[in-house]
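Taken from Swiss-Prot as is:
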MOD_RES   Ser2  N-acetylserine
MOD_RES   Lys11  N6-acetyllysine
MOD_RES   Ser39  phosphoserine
DOMAIN    45-80  domain 'EF-hand 1'
BINDING   Asp58, Asn60, Asn62, Asp64  Ca(2+) 1 binding site
DOMAIN    81-115  domain 'EF-hand 2'
BINDING   Thr100, Asp105  Ca(2+) 2 binding site
REGION    128-147  region 'Disordered'
Amino acid sequence: MSQTRDLQGGKAFGLLKAQQEERLDEINKQFLDDPKYSSDEDLPSKLEGFKEKYMEFDLNGNGDIDIMSLKRMLEKLGVPKTHLELKKLIGEVSSGSGETFSYPDFLRMMLGKRSAILKMILMYEEKAREKEKPTGPPAKKAISELP
């Protein structure tokens, strides 16, 4: 009955995310060295931003975004999609299996000329973050501003 409980689950998750970040950094270096993408402006900062987005939705750290992760991402952005639409989107992006897409697939899609829906999704997410509600009491209005 003496079971040992790991009370440091957050520490293990942090280590998992650190390992994932190292793997993604190696892939970013390959893209930085690739002459195909050398003409892109501000490539290092773009790759860093894409890495952060990818890590946000690859919660299990296995290196692939699956249908449920993509569904969660789209719902978070207020653009829910059906299961069939998600399968079609992943099939468009993925170079391997039809159920997931990897980080290199994600980068090729984002940096490629035929950027699809996910590029628009990331753009809309950035716009949504800019519109934060003002905090504190509302500003006083003059009588002329009242309806």
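Even glycines carry a Cβ here, placed using N, Cα and C.
Of all the recorded positions listed (Ser39, Asn60, Asn62, Thr100), Ser39 has the fewest other CB atoms within 10 A of its CB. Counting residues of the domain 'EF-hand 2' (81-115) by DSSP class, helix then strand then coil, yields 20 helix, 3 strand, 12 coil. Thr100 (Ca(2+) 2 binding site) has none of the recorded positions Lys11, Ser39, Asp58, Asn60 nearby, counting only those with a Cα within 10 angstroms of its own Cα.
For the domain 'EF-hand 1' (45-80), the DSSP-based tally of helix, strand and coil residues reads 23 helix, 3 strand, 10 coil. For the residue listed as 'phosphoserine', the nearest neighbour among the recorded positions Lys11, Asn60, Asn62, Asp64, Asp105, judged by Cα separation, is Asp105. The two recorded residues Asp58 (Ca(2+) 1 binding site) and Lys11 (N6-acetyllysine) have their Cα atoms spaced 18 Å from each other. The local packing around Lys11 (N6-acetyllysine), expressed as other Cβ atoms within 10 Å of its Cβ over all shown chains, amounts to 10. Around the Cβ of Asp64 (Ca(2+) 1 binding site), 20 further Cβ atoms fall within 10 Å across all displayed protein chains. Under the three-state DSSP scheme, Lys11 (N6-acetyllysine) falls in the helix class.
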